[in-house]
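Inspection log for the structure reproduced underneath, given as structure tokens.
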Amino acid sequence: MSTPKPTESAATPADPAPVDTRDALEVLELEAKEWDKDAEIDRILKAFRLNAYAVLGLKPGAPESDIKNLYRKKSLLIHPDKTKNPLAPDAFDRLKKAQTELMDEKHRARLDEAIADARMLLMREMKLTVDSEELKTPEFEKKWDEKTVFVLVENEQRRRRQMKAQLQEEGREQRKQEEELEQRKKKRQHEEDWEKTRDQRIDSWRQFQKGKNGEPEKKKKKKLKPIG
């Protein structure tokens, strides 16, 4: 039995239109970039802000060229105008502050010294030498970071105490100067007032002398001698 041949009028299914994947890839790329931005913003905000190296994500002692290049790269990544993350302005300000501190030779020297002090203190606590293999381990790096936080916090507290003492001393000195100025002002005012009444005092004295000279001389009473 032969099968019937399809008639010419029977409809044949149309071939599916090709799918343009470019839009989907662009969306994925944009999402990946936003994720990178959010991750970097989160990292900056969680970094210990007294350690500018940590904020920038650099190892201590990094050269100035690395500081400039990395700052430029990260500042472009998390710039508030290029991301919708509401925390971007705060992260951008911290990044800028860290870069400014590291470009300041004096501030950077103090930071390097504090980090070196932290390493030395940790080596003493762990009884290590410069040749110890433990210095190359991730565990030591982690403890070094923690000790660096401790040293930087102590330094900052000491700086604030010194600043407070200095302000108090400046306040005492300021009050002393103000009191001396007030005393000089009072003295000057007293001298001016004294000078203004000079003619009046002279006239009063002359009147007093005139009245004294015009009074009749009083007769002295004779003392009576007792009888007997």
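Cβ atoms here come from the backbone N, Cα and C positions, even for glycine.
Among the ranges 1-21, 127-147, the stretch that TrEMBL annotates as region 'Disordered' is 1-21. The DSSP breakdown of the compositional bias 'Basic and acidic residues' (189-204), given as helix, strand and coil counts, is 15 helix, 0 strand, 1 coil.
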